[in-house]
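Trainee: According to Swiss-Prot, the protein carries these features:
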- Ser15, Lys16, Ser17, Thr62, Asn87, Asp103, Tyr217: shikimate binding site (BINDING)
- Lys66: active site, proton acceptor (ACT_SITE)
- Gly127, Ala128, Gly129, Gly130, Ala131, Asn151, Arg152, Thr153, Leu154, Ser155, Lys156, Met215, Gly239: NADP(+) binding site (BINDING)
Amino acid sequence: MTDLYAVFGNPINHSKSPSIHRMFAEQTGQDLHYTKQLVDVDKFAQTADAFFAQGGRGLNITVPFKQEAFRYAHSLTPRAERAGAVNFLVQLSDGSIRGDNTDGIGMVHDMHNLDWNIAGKRVLLLGAGGAVRGVLQPLLEEHPAQVVIANRTLSKAEELAKNFLDLGNVEAKGYDQLNGAHFDIVINGTSASLHGELPPLPDNLLNPGACCYDMMYGAEPTVFLQWAQQQGAAHTADGLGMLVGQAAEAFYLWRQIRPEVVPVLTALRRQLHEKK
């Protein structure tokens, strides 16, 4: 029997998850059916209950349900617990539901594919919302020399930094405190790119050979990546690889087989450019 999987979100029309998982399934010879489902904002739990009752094996979760999925799961992986959000649910053999968060590992794997080395580097994370919280543990497990979380509201960044201090050298700063600081990797975890905006960053922030990463993506370089190029970044990347990477981790956790990320990423990138 074909195993059923889905992604839940609202909105959901734009989701690339079904085509990503279809390509993974074809590549690995796995028999599965993956759909996208628009879920009423106040009906997450009952829709998830119905999905699993009808034989569904696993779910990906996107905006705005990641916190709700966190509460819905009967058990959580340590990284999901840290992230405070869940983008992955799986039904275990005893019928219980386990929640995980594959966003951070998706980003880290993408950086590995790009040959970016995180160990020993000074890393600047922009933003202190759910996207940043979701990537902090996997990022710190790569042993950077330092991670600075910069945010408009300093108290939010401070609270986040405090929660991860046991995993490495993490500190918080306001954007106005970044003058004179220099970083090897800058990661934009704000949604500013979606609105064509840029966090208020000073000039001369980048060390020679610096890498800049935007969790958002589009057919054209985001405003943040345009800034990075103007500032002399040696390497830039958007979040399309993170999207495929988190999906690959989910696929592996469901099917115990690791799909090839690069051909899927290449196909998606081509589709993006064709739509321009």
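Using N, Cα and C of the backbone, Cβ positions are placed for all residues, glycine too.
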Trainee: Between Thr62 (shikimate binding site) and Gly239 (NADP(+) binding site), how many Å separate their Cα atoms?
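Mentor: Distance (Cα to Cα, whole Å): 15 Å.
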Trainee: If H, G and I count as helix, E and B as strand, and all else as coil, what does DSSP give for Leu154 (NADP(+) binding site)?
Mentor: helix
Trainee: Determine, to the nearest whole angstrom, how far the Cα atom of Leu154 (NADP(+) binding site) is from the Cα atom of Asp103 (shikimate binding site).
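Mentor: Between the Cα atoms of Leu154 (NADP(+) binding site) and Asp103 (shikimate binding site), the distance comes to 24 Å.
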Trainee: Can you tell which of the recorded positions Ser15, Lys16, Lys66, Asn87, Tyr217 lies nearest to Gly129 (NADP(+) binding site) in space, using Cα positions?
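Mentor: Nearest in space to Gly129 (NADP(+) binding site), counting only the recorded positions, is Lys66.
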Trainee: Which of Gly127, Gly129, Gly239 has the fewest nearby Cβ atoms, counting only those within 10 Å, among these binding-site residues?
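Mentor: Across Gly127, Gly129, Gly239, these binding-site residues, the one with fewest Cβ atoms within 10 Å is Gly129.
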Trainee: Could you tell me which of these binding-site residues, Ala131, Leu154, has the fewest other Cβ atoms within 10 Å of its Cβ?
Mentor: Leu154
Trainee: Using DSSP reduced to three states, classify Lys16 (shikimate binding site) as helix, strand or coil.
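Mentor: Where Lys16 (shikimate binding site) sits, the three-state DSSP reduction gives coil.
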Trainee: What are the non-local neighbours of Asn87 (shikimate binding site), defined as same-chain residues 6+ apart in sequence with CB under 8 A from its CB?
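Mentor: Expected: Asn60, Ile61, Thr62, Lys66, Ala69, Asp100, Asn101, Thr102, Asp103, Gly134, Gln246, Ala250.
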Trainee: Just checking a number: largest C-alpha distance across Ser15, Lys16, Ser17, Thr62, Asn87, Asp103, Tyr217 for the shikimate site, rounded to a whole Å.
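Mentor: Those residues reach a largest Cα separation of 19 Å.
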Trainee: Out of Lys16, Lys66, Arg152, Lys156, which has the highest number of nearby Cβ atoms, where nearby means within 10 Å of its Cβ, if these are the recorded positions?
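Mentor: The most densely surrounded of these recorded positions is Lys66.
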Trainee: Go through the binding-site residues Gly127, Ala131, Arg152, Lys156, Gly239 and tell me which ones have a CA within 10 A of the CA of Tyr217 (shikimate binding site).
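Mentor: So the list is Gly239.
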Trainee: With NADP(+) as the bound species and Gly127, Ala128, Gly129, Gly130, Ala131, Asn151, Arg152, Thr153, Leu154, Ser155, Lys156, Met215, Gly239 as its recorded binding residues, calculate the greatest Cα-Cα distance and give it in Å as a whole number.
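Mentor: It comes out at 27 Å between the most distant Cα atoms.
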Trainee: Between Gly239 (NADP(+) binding site) and Lys16 (shikimate binding site), find the distance joining the two CA atoms and give it rounded to the nearest Å.
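Mentor: Between the Cα atoms of Gly239 (NADP(+) binding site) and Lys16 (shikimate binding site), the distance comes to 13 Å.
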